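A.B. asks: I grabbed these lines from TrEMBL:
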- 2-350: domain 'Isopropylmalate dehydrogenase-like' (DOMAIN)
- 73-86, 278-290: NAD(+) binding site (BINDING)
- R93, R103, R131, D220: substrate binding site (BINDING)
- Y138: site 'Important for catalysis' (SITE)
- K188: site 'Important for catalysis' (SITE)
- D220, D244, D248: Mg(2+) binding site (BINDING)
Amino acid sequence: MKIALLAGDGIGPEILREAVRVLDVLRGEGLKIETEEALVGGAAYDAHGDPLPEATLKLAKQADAVLFGAVGGPKYDTLVRNKRPERAILDLRKECDFFANLRPATVFPELADASSLKPEIVSGLDIMIVRELTGDIYFGQPRGITGDAPNREGFNTMRYTEAQITRILHAGFKTAQARGKRLCSVDKMNVLETTQLWRDIAMEIAPQYPDVELTHMLVDNCAMQLVRNPRQFDVVVTGNMFGDILSDEASMLTGSIGMLPSASLDANGKGLYEPIHGSAPDIAGKGIANPLAQILSMGMMFKYTFGRTDISDRIEKAVRSALAAGLRTADIASKTTKKPSTTSEIGTAVVKAI
Ligand SMILES: NC(=O)C1=CN([C@@H]2O[C@H](COP(=O)(O)OP(=O)(O)OC[C@H]3O[C@@H](n4cnc5c(N)ncnc54)[C@H](O)[C@@H]3O)[C@@H](O)[C@H]2O)C=CC1
Ligand SMILES: CC(C)CC(=O)C(=O)O
Ligand SMILES: [Mg+2]
């Protein structure tokens, strides 16, 4: 097994370090895992003038899996768009064809009181957001800003091909088949042709999955339903931008964005694994970031790329036992937390429990 370690910027290196400590325990037990680090995002731009250097992309393509931290930061916000750190994660997804992004929003019983919603709304929550990752308005051409002030115009293009929609919907149906057999396809077909096509294709594919109940929901209603009654959902399948926004919203049901891991898979099970959050510049360098989304992302890697559910289960159990022992970074602190734990204290607790 070969894993590319791409830490990135901000809290990326701080949280990836804790995941690697957990990995080291598994290596100590004899698990054969080779790792190789490379620069990505702002860190790569600083060193090489390129957020995704050729060598980093080559490593990501050669490895069986990529463990990714986060990229971006205010320092890079004035760069031209193709030099921005975020370009690196967008290009990695596109170049490696990591089209199926699984974002599980699960409320651990130990954290039911950490959500900003009432425990009776969120306890027992277990939903999976399946987000398309290589198309939509994030990639559509043409795009740009034209003209001169005061008559400038900004434009982006929302585009999806039938092939792109079809393969992510199949991923959604298959995910639902393996879970609660309910799939909610989220679109904005009342306004956008792209998502009219999405809904049409969802209805065309549905007969291939007679055991899955397919429903449709408009994205604005879905955003509302996620905080009104999130347990109505089993699997949600949606496009790149809607999935980006809805999954950040869903993360707060679980207690914190620092809890939500993700897997971004290609058609063969190769994947990139990253927390759904960004580089959190507001807390970077303070040693207080929650590393659990990163550690749980590594758990997803063992499940989805290496087929080792025994290891992913162990990682999840170790995370839960650290939480059960009362350890909390500030973002998930409860009323009974006397002093929030640091990033490395949480890492140590997971390492001890693994
Ligand atoms: N995949 C990636 O690398 C992503 C990168 N970004 C980039 O990250 C930078 C910051 O973006 P923001 O909009 O601030 O989103 P963010 O997700 O980095 O942070 C949002 C809020 O959540 C908190 N937070 C995030 N992760 C946390 C953790 N593990 N523990 C505790 N608190 C945590 C932050 O402190 C902040 O208050 C931007 O440059 C953005 O483009 C944003 C999302 C994804
Ligand atoms: C390009 C990324 C910064 C988009 C994002 O926020 C995400 O994938 O969660
Ligand atoms: Mg996002």
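Cβ from N, Cα, C; glycine included.
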A.B. asks: Do you know which of the recorded positions R81, R131, Y138, D244, A280 end up with C-beta under 6 Å from ligand 1?
C.D. replies: A280
A.B. asks: Starting from the Mg(2+) site formed by D220, D244, D248, give every other residue of that chain whose CB sits within 8 Å of the mean position of their CB atoms, in sequence order.
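C.D. replies: Neighbours found: V219, A223, M241, F242, G243, I245, L246, S247, E249.
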A.B. asks: Please check each of the binding-site residues R81, R103, R131, D220, D244, I288 and report the ones with a CB atom less than 6 Å from an atom of ligand 3, ordered along the sequence.
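C.D. replies: Near ligand 3, sequence order: D244.
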A.B. asks: Please average pLDDT over the domain 'Isopropylmalate dehydrogenase-like' (2-350) for the predicted structure.
C.D. replies: 97
A.B. asks: With the Cβ under 6 Å from ligand 2 as the test, give me the qualifying entries from the recorded positions R131, Y138, K188, D244, I288.
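C.D. replies: List returned for ligand 2: D244.
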A.B. asks: Between the binding-site residues G73, P85, whose Cβ has more other Cβ atoms within 10 Å than any of the rest?
C.D. replies: P85
A.B. asks: Could you say which of the binding-site residues D77, D220, D244 has its Cβ with the most other Cβ atoms inside 10 Å?
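C.D. replies: The largest 10 Å Cβ neighbour count belongs to D244.
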A.B. asks: Out of R93, R103, which has the highest number of nearby Cβ atoms, where nearby means within 10 Å of its Cβ, if these are the binding-site residues?
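C.D. replies: That would be R103, with the most Cβ atoms nearby.
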A.B. asks: Find the shortest Cα-Cα separation between R131 (substrate binding site) and the binding-site residues G73, R81, D244, A284, I288, and name the residue that gives it.
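C.D. replies: For R131 (substrate binding site), the closest Cα among G73, R81, D244, A284, I288 is found at D244.
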A.B. asks: Using the structure shown, find which entry in R81, R131, K188 (the recorded positions) has the sparsest Cβ neighbourhood within 10 Å.
C.D. replies: R81
A.B. asks: For D244 (Mg(2+) binding site), which of the recorded positions R81, P85, K188, I288 has the nearest Cα in space?
C.D. replies: K188
A.B. asks: Tell me the coarse DSSP state (helix, strand, coil) of D77 (NAD(+) binding site).
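C.D. replies: D77 (NAD(+) binding site) sits in coil per DSSP, no helix or strand.
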A.B. asks: Are any of G73, P85, D220, D248, A280 (the binding-site residues) within 10 Å of K188 (site 'Important for catalysis') when you go C-alpha to C-alpha, and if so which?
C.D. replies: D220
A.B. asks: Could you state the whole-number distance in Å separating the C-alpha atoms of Y138 (site 'Important for catalysis') and R81 (NAD(+) binding site)?
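C.D. replies: Per the Cα atoms, Y138 (site 'Important for catalysis') and R81 (NAD(+) binding site) stand 12 Å apart.
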